[in-house]
Amino acid sequence: MQIFVKTLTGKTITLEVEPSDTIENVKAKIQDKEGIPPDQQRLIFAGKQLEDGRTLSDYNIQKESTLHLVLRLRGGIIEPSLRQLAQKYNCDKMICRKCYARLHPRAVNCRKKKCGHTNNLRPKKKVK
């Protein structure tokens, strides 16, 4: 039977499979066509992520069904300079003592009307 695999770029891949094929086999066929390693592939059908050991018939995937291919996210270490920039952006803030608005680091007055644009500010507490 024929099924379709739609990638995030919008490209549609056509695969010839059997209902008894496992998800691993489908991922191997995608690797043959697209060169994406199976360990980086995630297949979605009807809002569910498909598990490697199961078959197409387990998920009731029939002829001309469309699977969605997304790539697995990889975690890692942030470069130190980017980490400092992110920390500066997220942590170096001033907080209004009346309305708790987050303001830029050099703020003198609050930008919110509800506290009367008070100048009663404090630095944001640092996370330990």
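Heads up, the Cβ atoms here are built off N, Cα and C, so glycines get one too.
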Candidate set K63, K88, K113, residue annotated ubiquitin cross-link in Swiss-Prot:
K63
K29, K112, K124 - residue that Swiss-Prot labels as ubiquitin cross-link:
K29
Annotation match for ubiquitin cross-link in Swiss-Prot, from K33, K114
K33
Given the candidates T12, T66, specify the residue that Swiss-Prot annotates with (Microbial infection) ADP-ribosylthreonine.
T66
Within the predicted model, mean pLDDT of the domain 'Ubiquitin-like' (1-76):
90
Counting across all protein chains shown, how many other Cβ atoms sit within 10 Å of the Cβ of K11 (ubiquitin cross-link)?
10
What kind of secondary structure is K33 (ubiquitin cross-link) part of, going by DSSP in three states?
helix
Which one of the recorded positions (K27, K29, K33, R54) has its C-beta surrounded by the most other C-beta atoms within 10 angstroms?
K27
